[in-house]
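Chemist: Below are the structure tokens for one structure; questions will follow.
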């Protein structure tokens, strides 16, 4: 195999010799390997070096102890060829884990990424690496580190054991002024040998790479011919510290500290601590055996004095405990069952695989994500120190209900309706136009980072409750989640909202359904009757970014009626198999006397209309949704 070599000089690390130990995080070449980078003649391991040194003991340096170092590293060029199926979106690349474990599949994508970036974005630069702890993350970490070194990256900051939530990656990038970061996650999709894995890249602002880069990545996967790899040993990710090879270093960092520090800056922890330490206030957080399990105890228990047993499923597992780490009423059923008991907690929440989504519940009360972001925005200035000067602007994704619109109108704030995808919020934040935003898909966040943030949303709700309860004496009735929501509805009106998900539909039928709906839209006219509803307009949503002028088209088929009701159809490709058809149904109700009606009853006529208009059963063969939110 042909190879090229590069040498980097370094100052020899003088230290007490203690021997350097490395624990391979993937099988040896004699075992079933994850990549041809392992099974070919190159095993991504440095040659024996007599000058390998180790420093033991704690260090007061923020970068931790130096674990090992070497005078030089070899960079090898490994021949490769394009692999089909690496089309990349703003959520990165998601496939079944077995696909990523195929020869060079991940390595090709990582090299294609470096081939897509300007040299100054990574040469001698610092990049962050972390993920949600799912199966294959540790092995993938080693591949990414070696290819990063091979391409001239100066430093990798990696979470201990490869753990960093998606919000934490964004926070670390911003705090440490890194040039970007890799996030190893398939978000809320299941994990394990038979399930999903994913990878995406975030820019120096902490937000996902724009389409201009993801399109280049895909283009480069179609023409790639070599992978640049540094021959260094696997990095021990189990201990905080710095490992150096030539001019390249890997710093294993505490995955909690930077994120916790940011949360302490955003929120009044003393105020929240006063709430969670009350004997008459019940709290429960379900980490779903996902990445927020690593954050829940340090934040909620150790810092905010919640009871230790208030954290459920708090140990991150590679397969999420055989669960589906999607915080909704279907997949977080254990939490829902507890919250709907007569003696259930006052407040409950759950987060997803990589920690960027959230679900909020009161006792026997579910808060829709659309209402949640609106209520946070309406209360932010008085309850959250970060917003003392007031939010700069508000925004929601197009399918999200119009609840937030009414808050923006009352508070006289700039408002934006954007396509689904957090990058659209990030552009507005970077331009100073936006503070609080959300998506109906259980994503809520603010400009403290450039990703949605599950724990942030939970702390925001706890802040709102704590602000209302702080003067309540033991024995006095506490303000409940339901009280906060009902007060909001009385002020702004209620947007009845539901989403029907039909997961893993045959892609051909799902796409034909959307094309059929686009044909209806093209022929539609205002004033047409759809049952008892009168059409105001129908379109396929398009968005022109007010910051960079870019246009996103075909973002969802909308039917908007004169009474404010909406039906929206979208396809989601974030799963690793088939397509997910999503139908969103919304109806605004200003009459307080009608706010207690069950949402599914209130919008049933619209649901029936949505199914009839789309001919969903005819196109997909599906009679019932997989998930109703």
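Glycine too: its Cβ is placed from the backbone N, Cα and C atoms.
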Chemist: Which one of 94, 273, 558, 566 goes with 187, 356, 357, 420, 439, 441, 452 at the alpha-D-glucose 1,6-bisphosphate site, as Swiss-Prot has it?
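Modeler: Answer, per Swiss-Prot (alpha-D-glucose 1,6-bisphosphate site with 187, 356, 357, 420, 439, 441, 452), from 94, 273, 558, 566: 94.
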Chemist: Radius 10 Å, atoms counted are CB only; among the binding-site residues 352, 439, which position scores highest?
Modeler: 352
Chemist: Report, as a single number, how many Cβ atoms besides its own are within 10 Å of the Cβ of residue 441 (alpha-D-glucose 1,6-bisphosphate binding site).
Modeler: 23
Chemist: Going by C-alpha positions, which of the binding-site residues (187, 420, 441) is nearest residue 354 (Mg(2+) binding site)?
Modeler: 187
Chemist: Relative to the mean position of the Cβ atoms of 187, 352, 354, 356, the recorded Mg(2+) site, which additional same-chain residues have Cβ within 8 Å?
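Modeler: Filtered neighbour residues, in order: 132, 165, 166, 185, 188, 290, 291, 325, 351, 353, 355, 357, 454.
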Chemist: Are there any residues in the same chain, six or more apart in sequence, whose C-beta is under 8 angstroms from the C-beta of residue 452 (alpha-D-glucose 1,6-bisphosphate binding site), and if so which?
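Modeler: Listed in sequence order: 166, 167, 356, 357, 422, 438, 439, 443, 444, 445.
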Chemist: Please report the distance from the Cα of residue 441 (alpha-D-glucose 1,6-bisphosphate binding site) to the Cα of residue 352 (Mg(2+) binding site), rounded to the nearest angstrom.
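Modeler: Cα of residue 441 (alpha-D-glucose 1,6-bisphosphate binding site) to Cα of residue 352 (Mg(2+) binding site) measures 11 Å after rounding.
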Chemist: How many Å lie between the Cα of residue 94 (alpha-D-glucose 1,6-bisphosphate binding site) and the Cα of residue 352 (Mg(2+) binding site)?
Modeler: 16
Chemist: Just to be sure I understand the packing, how many Cβ atoms besides its own are within 10 Å of the Cβ of residue 187 (alpha-D-glucose 1,6-bisphosphate binding site)?
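Modeler: Around residue 187 (alpha-D-glucose 1,6-bisphosphate binding site), other Cβ atoms within 10 Å: 27.
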